[in-house]
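Undergrad: TrEMBL feature annotations, pasted as is:
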BINDING   145, 190-192, 198-199, 228-235, 322-323  ATP binding site
BINDING   309, 323  Mg(2+) 1 binding site
BINDING   323, 325  Mg(2+) 2 binding site
DOMAIN    149-356  domain 'ATP-grasp'
C-alpha cells in the first residue's frame, strides 16, 4: 500500500491578502483527497506567528459566507507551535514535547508579500522540503510589476504604457512627480503598488487630486508605485500548469459588474464578477493568448502554476499582458481552478497534480550540486 503523503497547508500570513488566503485554504482543505493525503493546516498570524490547529477542518466554510474570517490570534489549547529549526519542518505537538510529525510537501496558500514573492520559497528551499508553486527567482520577479513588465518587453511581449516611481522620490518632491505623471499619461489612469495583489491599493484616477490620494494609498503598501495607461478593454485570463511540459488552459473572461469601476478587491471577493469560460473570442486570439502565456511563464522562470491576466483592447483587438499571478486565489470558484476544470482537470485532481509537480520540482533541484 502506498504511504500517504503528509501535506502542510500553509495559510494566513502578514500580507494585506490575509483573508483571501484563509478562503483559499478552507477550499483546499475541503477538497484534497483524504484517502491519499494527511492534512496539516499551518496558520501564520498577521503578526507572523506560525501555528497549527488540531483538526484540518476548522477553516471549512470560511468562503464565501465568512470571507471576513477573523485573523488568526495567538496560541490556544487547540494550536500547536511550528518549529522550523530542523529539516523537514516538523510540527511540535506541544512547545515542550519531543513528538514531531514530518511534513512531506508544503502547499502554500499565502497570497501577496511574504508568501508569493520568493521569501517563503527561500525558507522552504533552505529547509529542504518540496512545495507547490514557483521557486525563489520566479516568485520574486513576478511579484514586482515593474520587473515583470521589463522582462516581458525584453522578449517582445506587449504591455500597456507604464512608469514606476519610488516612494522616497514621491515624498521628497510630490508635485514634480505628479507633474511628470500628468505629462506622460492622460486621465483616467491607474495607480497601484508595484508589489502586491488582489487589487489592494489600486486606484483608477481622473484628476490631479485623485492622483495625489492614489499615490499616497499605493505607497502605504509598497516602496514603489506603478502608473499605467487605462485602455478600453475586456479582461481575459489563461492558466498555465506544469514544470517542463506546460499545459495552457482555455481562455476565460471576467465581466465586471456595472457598479464596479474596475476589477478591484470588491469585484474579486465581496461581490464576485461574472466569469465566462471559455471567453467568446476567436480561435486565433485564444491561441495567441495561450502562446504568450507559455512564453511569459518560461521567461519569468516559473514552475508548477501561474495565471496570466490580459487586456483585450476593444477597438483594435490588440492584447496586452497585464499581470501574472504565481499563486492565484484558490477556492473552487476562482478563475484558475475554473479554467483548469474547463480544460478537463477537476478541482480535486488539480490539487493532486500540483502536489505531484512539487515533488518533481524538488527532485530536479536535488540534482544540482551546491556551488
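Placement of Cβ uses the backbone N, Cα and C atoms for every residue, glycine included.
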Undergrad: Just name the winner among 145, 234 (the binding-site residues) by count of other CB atoms within 10 A of its CB.
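TA: Going through 145, 234 one by one, the largest Cβ count within 10 Å is at 145.
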Undergrad: Once near-sequence residues are set aside, which residues in the chain of residue 228 (ATP binding site), 6 or more away, have Cβ atoms under 8 Å from its Cβ?
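TA: Counting only residues 6 or more apart in sequence, the Cβ neighbours of residue 228 (ATP binding site) under 8 Å are 160, 161, 162, 185, 189, 190, 192.
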Undergrad: Residue 309 (Mg(2+) 1 binding site): which of the binding-site residues 232, 322, 325 have a C-alpha within 10 angstroms of it?
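TA: Matched binding-site residues: 322, 325, sequence order.
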Undergrad: In whole Å, how far does the CA atom of residue 232 (ATP binding site) lie from that of residue 325 (Mg(2+) 2 binding site)?
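TA: Cα-Cα distance, residue 232 (ATP binding site) to residue 325 (Mg(2+) 2 binding site): 22 Å.
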Undergrad: Have a look at the binding-site residues (191, 230) and report the one with the fewest Cβ neighbours inside 10 Å.
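TA: If we count Cβ atoms within 10 Å for the binding-site residues 191, 230, the smallest count is at 230.
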Undergrad: Please compute the mean pLDDT of the model over the domain 'ATP-grasp' (149-356).
TA: 92
Undergrad: Least buried of the binding-site residues 232, 322, 325, going by other Cβ atoms within 10 Å?
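TA: Relative to the other binding-site residues in 232, 322, 325, 232 has the fewest Cβ atoms within 10 Å.
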Undergrad: Restricting the comparison to the binding-site residues 145, 191, 230, 234, which residue's C-alpha is spatially nearest the C-alpha of residue 325 (Mg(2+) 2 binding site)?
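TA: For residue 325 (Mg(2+) 2 binding site), the spatially nearest of the binding-site residues is 145.
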Undergrad: May I ask which residues of the same chain, at least 6 positions away in sequence, place their Cβ under 8 angstroms from the Cβ of residue 323 (Mg(2+) 1 binding site)?
TA: 145, 148, 308, 309
